[in-house]
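What TrEMBL says about this one:
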DOMAIN    40-102  domain 'P-type ATPase N-terminal'
TRANSMEM  82-100  transmembrane segment
TRANSMEM  302-323  transmembrane segment
TRANSMEM  357-378  transmembrane segment
ACT_SITE  Asp426  active site, 4-aspartylphosphate intermediate
BINDING   Asp426, Thr428  Mg(2+) binding site
BINDING   Asp426, Lys427, Thr428, Glu548, Phe595, Lys618, Arg652  ATP binding site
Amino acid sequence: MSGGRREGIHFSRLYSFSCFRSSFRDEHSQIGQKGYSRIVYCNDPDNPDQLMLRYRSNYVSTTKYTAINFIPKSLFEQFRRVANIYFLVVACVSFSPLAPYTASSILAPLLVVIGATMAKEAVEDWRRRKQDIEANNRKVKVYDKNHNFQDTRWKKLRVGDLVKVYKDEYFPADLLLVSSCFEDGICYVETTNLDGETNLKVKHSLDVTSPLHKDNTFQQFKAIIKCEDPNEDLYSFVGTLYYEGQRYALSLQQLLLRDSKLRNTEYVYGVVVFTGHDTKVMQNATDPPSKRSKIERKLDKIIYILFSLLMLVSFIGSFFFGISTRRDLDDGKLRRWYLRPDDATIFFDPKRSALAAFFHFLTGLMLYGYLIPISLYVSIEMVKILQSTFINQDQDMYYEETDKPAHARTSNLNEELGQVDTILSDKTGTLTCNSMDFVKCSIAGVAYGRGMTEVERALAKRKEDVHNDLGITSSDIERLDDHGPASGKSIKGFNFDDERIMHGQWVNEPHADMIQKFFRVLALCHTAIPEVNQETDEITYEAESPDEAAFVIAARELGFEFFERTQTSISLHELDFESGRKVDRSYTLLHILEFSSARKRMSVIVKNAENQLLLLCKGADSVMFELLSKDVQDFVATTMDHIKRYAEAGLRTLVVAYRELSEEEFRSWEEEFLTAQTSVSGDRDALVELAAEKIERDLILLGATAVEDKLQKGVPECI
């Protein structure tokens, strides 16, 4: 693995819109000032200057207690409960002569209740500690003084260490990406543990360090990083790399965050910048809170009511006791003399009846104290422990695909799950599987695809309502429910079935030229990477998102197979609709205007073998229809209607369009675009986006795609 290298792909060209080149911004002028004073000596963790800075170790702890603070902190938690405070007061008073029973009879149950709860807290915190131990003892390859990568535990990592992380491994600390298995030093990162997003994010190294792609190239590698101090901002990083007498601006694109996972990349090299509790994920972590459930808070209110009732009963009893005691004196003699054998006692002294009534009130509080159930809390604690055990062993909550059972890290809030009446959730990756299937499309105003979505199938079964205008018949419902797609084989990312365009039949369609352009856009307008299995010659695609992979797979299945990408070109196996044969075509890749949440679209500019300049674009209908040419409005209304129906069927839609560019227009635009790219002003991104908008106009509509993101198991029933 150490020598493997994927060559021929320069992502600095592929991601020209994002402009991944090093550039200095206003924030970089603050390096060395307050808040931007961190200094890292790359591949030199033993540097004396760095040792003087005394950075934190990479050991992390998420436990709630320590051996020192467990008893006082846990006791504080126990006496947040009203009942425990009451019984503590009663236990203290029970040592006085007022008590109608011995102190041990009230103190023993209180100690049992508190002890049982503290034991539960200790067990749960020990489980958290075991998880910390497991994380701290994971191993990663670290470059040592003998110029070899050796296995080292996470907790022993130091700032400045050079590490090597392999595919599907978690990053052990916040790392500066030095290089990767790809020639231009890019890598794919999954940040689900950080922000819940399941889409892969692209990171890239600086051009100056990307050639360091083998273990033996780091023997002379020394550099200095000056960057911001540890902070909780996951979406910002400012720093400067000093390497070989030059300085290079660093941004979030070069930072690999702890607890994110390396995906679709064989390996990366990185330098440790932040360790342990200095990492951004730990900066965002708060101390484990002391959570109290809604039921527990309601119990406190009920106990307040019971305590008020107890006070009332004791007051009434003491009031009438005081009256009867005052009347007990008759002609200087006690009528109930047997109640006061000792003249010194004041409990039944008629001359001090008010004080006697007060003491009787205190005695009543203790005597009727069992109106407040001391065993209630410990009973609930035992129930919670059993519930947690059942949750951990529940086979219905086991996820076979990832081999993950349910795990209750704390039992304090079990009952909250049963009181949920409203769920606020995003859809993709939470309610859905985030595994996209290409199921339908609309090309030149014609709807293709007889596959049925979960929503359509449910509606058809309930209402026997068939969407004939989308090509769905009742016989299709039966066939798809029983046998699946007509092809008889399952292809991940492709659940499309329509004999009109499958197996090359699209060449016989009235709009064959539009169909060709449509799937050609899907095969070219992306940033995916083809991977060839050396044993089976099967091509798989590593894409930034499941949607993008589904589009490339759909284009392949319909006759436009993307099989090679180089620094400046994309190659396809195309089905030529004139000859009906497969031909190889190569397209020169000039620029990629990447998708972003603000732009809601992505474009590529390519040149074909006939030297035609083509702008190929796909994006959300909310922005794409505004970019269409006013002179060419064929089948726009029909396509919009199809998109609406696809959306009602629970599908994700994108609009596909293109236009031809003249040489003069392209050269003029490219000059402006490159000027915006190389700008060092604070509004560089705005200038780049403005330049992109100038070329993305007067588009010709080709059609729309519809992909399905199936719901997670049990979601329909839950909804």
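Using the three backbone atoms N, Cα and C, a Cβ is placed for every residue, glycine included.
Mapped onto this structure are the features recorded in TrEMBL.
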residue : record           : Cβ within 10 Å
Glu548  : ATP binding site : 24
Phe595  : ATP binding site : 23
Lys618  : ATP binding site : 25
Arg652  : ATP binding site : 18
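Using a Cβ-Cβ cut-off under 8 Å and counting only residues 6 or more beyond its ends in the same chain, the transmembrane segment (357-378) has close neighbours at 81, 83-84, 86-87, 90, 93-94, 98-101, 106, 109-110, 112-113, 116-117, 299, 303, 306-307, 309-311, 313-315, 317-319, 321-322, 325, 346-347. Reduced to three states, the DSSP call for Phe595 (ATP binding site) is coil. Secondary structure of the domain 'P-type ATPase N-terminal' (40-102) per DSSP (helix as H, G, I; strand as E, B; remaining residues coil): 25 helix, 3 strand, 35 coil.
Mean predicted confidence for the domain 'P-type ATPase N-terminal' (40-102): the pLDDT average there is 85. In the three-state DSSP classification, Lys618 (ATP binding site) falls within a strand.
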